[in-house]
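Copied over from Swiss-Prot:
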type	residues	note
TRANSMEM	21-36	transmembrane segment
TRANSMEM	101-115	transmembrane segment
TRANSMEM	140-156	transmembrane segment
TRANSMEM	203-218	transmembrane segment
TRANSMEM	237-252	transmembrane segment
TRANSMEM	457-472	transmembrane segment
Amino acid sequence: MGLPWYRVHTVVLNDPGRLLSVHIMHTALVAGWAGSMALYELAVFDPSDPVLDPMWRQGMFVIPFMTRLGITNSWGGWSITGGTITNPGIWSYEGVAGAHIVFSGLCFLAAIWHWVYWDLEIFCDERTGKPSLDLPKIFGIHLFLAGLACFGFGAFHVTGLYGPGIWVSDPYGLTGKVQSVNPSWGVEGFDPFVPGGIASHHIAAGTLGILAGLFHLSVRPPQRLYKGLRMGNIETVLSSSIAAVFFAAFVVAGTMWYGSATTPIELFGPTRYQWDQGYFQQEIYRRVSAGLAENQSLSEVWSKIPEKLAFYDYIGNNPAKGGLFRAGSMDNGDGIAVGWLGHPIFRDKEGRELFVRRMPTFFETFPVVLVDGDGIVRADVPFRRAESKYSVEQVGVTVEFYGGELNGVSYSDPVTVKKYARRAQLGEIFELDRATLKSDGVFRSSPRGWFTFGHASFALLFFFGHIWHGSRTLFRDVFAGIDPDLDAQVEFGAFQKLGDPTTRRQAI
């Protein structure tokens, strides 16, 4: 046939049987990739430390999606929340992966069957004897089935009526677990961070889809609309399908990057805005202030800060710190977190508490500046020693740790103080193992960053595809160079003067 690579899909034009076949094969490839990727991730995943080495630090991509839908146990005897289990059941991580691979194999066989047996009676228009598809009817069927699945997910799976529920956590990602969710029918259901909105919106959208599907099955489109939107052309279906997909891709890119109830930080890592706004730092200080108000010592209150909360307050977990071509997991960058060293409190020789200015997201290097409670600069690590006025040596800065592994330890020698001041720029200080994975010390992004980048990129690409195929189907006659009135113009007797549409003969 000699088709160029960008026109190979014309082989399934006007061939409904093989059009169905290639779509089934595509489903086989997608399901096969998902199952295989899940098995690969399970082979390399280390579940031993869900606090300091969670799935998102290890670069897991499909495990978080399984987990948010209610899968938490493995046939390997471990649970995602830590600890061991004896009876994981069939719907474990491996069970879901296996189901996808089996489904992929069945789709593969079905695709081959439909490719061989393409000329089925069901695809034949009995009036013309030619292959054709009733596209508005197919649209109604698909809309009805999609609505049914959407309603079922919201009403049964999410609510726990028949299913496990979904992953739900607190605002600081500390107490997450799989649980059933009640639908939120009030205005709070529109809050993207309220899990109840997931149930209610799926129920509402599913109901709408079912009703719309029944409408399109029972009502035929008006002839003018049918012709105007080219409803008989399969490329119209392609164009509108691409529109639905790119719109969905833009939406999920947004919910992933900015955060929502559907993208919990325990599964995908924190967002960059939580670092920018000092979200976890504020919560830590709130807890410390509450403890001090109850006459607890600094050592006591900082020792009660959960290691998980402190770990979120570290710039290495910011998904925007990864570079565009830095492949690999976060653990391959700054290393595997081993333990929290504690919170460093810096003081000058006059006893003032000093705070290290934190590094903004888009800086690779940043000056070490220590300010007091009023924001006045009191100490720094100068670029030129000859010009310095506020150097650690001159100001006499000391550091003492509270909580963590160095609880109660203090340092006064300038070299050590400057070392911890530099590290305090990056948030809470952790001991990181860079030897095990030969980590290079350069920050990586989390799956949150990869997902956003991938879906935003493909959304832009698919937007172009929608415009392209929409234009092709709407202006097919123009692109083909065929004027719809051409036959009328050359027909003998249609016009009093040949080719002049203003002299059209009137029918008597």
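Using the three backbone atoms N, Cα and C, a Cβ is placed for every residue, glycine included.
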> Given pairs 6 or more apart, does the transmembrane segment (101-115) have at least three Cβ pairs under 8 Å with the transmembrane segment (21-36)?
Replying inline: yes
> Where, among 140-156, 203-218, 237-252, do we find the most CB pairs under 8 A to the transmembrane segment (457-472)?
Replying inline: 237-252
> Should the transmembrane segment (203-218) and the transmembrane segment (237-252) be scored as in contact, given a threshold of at least 3 Cβ pairs under 8 Å and pairs 6 or more apart?
Replying inline: no
